[in-house]
Amino acid sequence: MVKKNTKVSNKYIIDATAAVNDKIFDVAAFEKYLIDRIKVDGKTGNLGSSVVVSREGSSKIAVIAHIDFSGRYLKYLTKKFLKKHSLRDWLRVVSTKKGVYELRYYNVVVGNDEEEQ
């Protein structure tokens, strides 16, 4: 049994529209962070043509991988970026559909006790 050498191509989108509109999230810094931190064959800075990180519009990042690449790894790197920039307390990473991740605010419900005081 011989395996065919097929080309795998995955596209992942990270949508940070809400955070960018509130001016608390820098898409350019996040794009640079991903380029610096994504590992290919166990090495950072080894993207080459196998992984392409680009900006789509002013608030979306597209990662196109021509190798086996996990969406969970992208989510992990996004969480690390949020933690590094002290945004993890306000934003979370949610998968809205296959290959699409969105940065959303946590739902904070203020109780009646706090409003009266």
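Using the three backbone atoms N, Cα and C, a Cβ is placed for every residue, glycine included.
In Swiss-Prot, the feature phosphoserine is attached to one residue out of Ser50, Ser54, namely Ser50. Between Ser9, Ser49, the residue that has phosphoserine written against it in Swiss-Prot is Ser49. The most densely surrounded of the modified residues Ser49, Ser50, judged by C-beta neighbours within 10 angstroms, is Ser50.
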